[in-house]
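Asks: Mind looking over this structure? Questions follow.
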Amino acid sequence: MFSLFIKVSFLVITFLSAATFSNANPGFHFGWSGHGGNRDISFGLSPQFYQFSCPQTNDIVMSVLEKAISKDIRIAASLLRLHFHDCFVQGCDASILLDNSAKIVSEKNSKPNKNSIRGLEVIDEIKFKLEEACPLTVSCADIVALAARGSTLLSGGPNWELPLGRRDSKTASLNGSNNHIPPPNATIEKLITFFKRQGLDEVDLVALSGAHTIGVARCATFKQRLYNQNGNNQPDQNLEKSFFFDLKNVCPKSGSDNRISPLDFGSPSMFDNTYFKLILRGKGLLNSDEVLLTGSVKETQELVKKYAQDESLFFEQFAMSMTKMGNLRPLTGFNGEVRKNCHHVN
């Protein structure tokens, strides 16, 4: 009888300890089901990850974003781009934020990021306020993901349920940043290859390209289309003529590489489906935009047409593809860390 009492007591204490641990660490799930699941602790992302540890997380993020975007409308697109350029390298782990150090070669110096990455001061402000409210709780990787969603929403785009619980990497990859982020002059075949490396398909490619409905691009990223598209000193014949001449006025043949042009000149600060409508009219700014239609892949061609006709369909798929991208190889559980300063490992 005494032995039975000891066993029951042990089980009660074990259960209560597990429940306490799980509540204190939302997102740490115990696989103790009655359906044959293993009994190991499993770690995953969850929209409720900070429900108990920092319930004001999203309110703080949105408050900072609203002020930042009201001061600089371009910040929304910059933060969305930051999330893309983070996830495509070694997963969504905030490696893009790390500065150079004795052990880190920063991704900020890669060809896709150098002199073009923006919004870091907004991430820093969000992190500062979250550290005040909930020290060493909310990761920089989750802040980047929340800022991307909030920027989309504040620009008129869709909202989505965002799984949280990513942890921050202790490494960065300059080589990965140089080689895994799709370049603006990519062909449709290369774009598909870049996306498939990440486990993303043609539907994700077209939907996520729709992020170019906000933001700008530097002349250096599309000048080739104006003056030497195929190595014959001729422009891209897919460019609509008036659009071509407008771009030439902004971007002369020599110099002015850092001048900017809207990716979607119809509604440059509004998240909508105008981007796809412009592509149908030969007014996609980057080669990587235009080839979604003019490339030889029927699926991407049809999706451009569908999203141009149906904004709600685009919004729905964009939300799903952003969730899918945001789940790329996250560090969870005891992997990585929660950085106190987003630019340095602890």
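Each residue, glycine too, has its Cβ placed from N, Cα and C.
Please treat TrEMBL annotations as automatic predictions, because they have not gone through curation.
Predicted, not measured: the structure shown is a model, and the values here were computed from it.
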Asks: For Cys87, what is the disulfide-bonded cysteine listed in TrEMBL, choosing from Cys54, Cys92?
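Replies: According to TrEMBL, the disulfide partner of Cys87 among Cys54, Cys92 is Cys92.
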Asks: Tell me, from Cys54, Cys219, which cysteine TrEMBL puts in a disulphide with Cys134.
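Replies: Disulfide pairing in TrEMBL: Cys134 with Cys54.
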Asks: Counting distance between Cα atoms, which of the recorded positions Arg81, Cys134, Cys219, Asp264 is nearest Pro182 (substrate binding site)?
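Replies: Nearest by Cα distance to Pro182 (substrate binding site): Arg81.
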Asks: List the residues in the vicinity of the Ca(2+) 1 site, defined as same-chain residues other than Asp86, Val89, Gly91, Asp93, Ser95, Glu107 with C-beta within 8 angstroms of the site's C-beta centre.
Replies: Cys87, Phe88, Gln90, Cys92, Ala94, Ile96, Ser169, Ala172, Ser173, Gly176, Ser177
Asks: Do you know offhand how many angstrom separate Cys219 (disulfide bond) and His85 (active site, proton acceptor) by C-alpha?
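Replies: Cα of Cys219 (disulfide bond) to Cα of His85 (active site, proton acceptor) measures 20 Å after rounding.
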Asks: Could you check which of these recorded positions, Cys92, Cys140, Thr213, Asp272, Cys342, sit within 10 Å of Asp86 (Ca(2+) 1 binding site), going Cα to Cα?
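Replies: Neighbours among recorded positions, in sequence order: Cys92.
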Asks: Considering Cα atoms only, can you say which of Cys54, Val89, Cys140 is the nearest neighbour of Thr213 (Ca(2+) 2 binding site) among these recorded positions?
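Replies: For Thr213 (Ca(2+) 2 binding site), the closest Cα among Cys54, Val89, Cys140 is found at Val89.
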Asks: Report, as a single number, how many Cβ atoms besides its own are within 10 Å of the Cβ of Cys251 (disulfide bond).
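Replies: Cβ-Cβ neighbours of Cys251 (disulfide bond) within 10 Å number 22.
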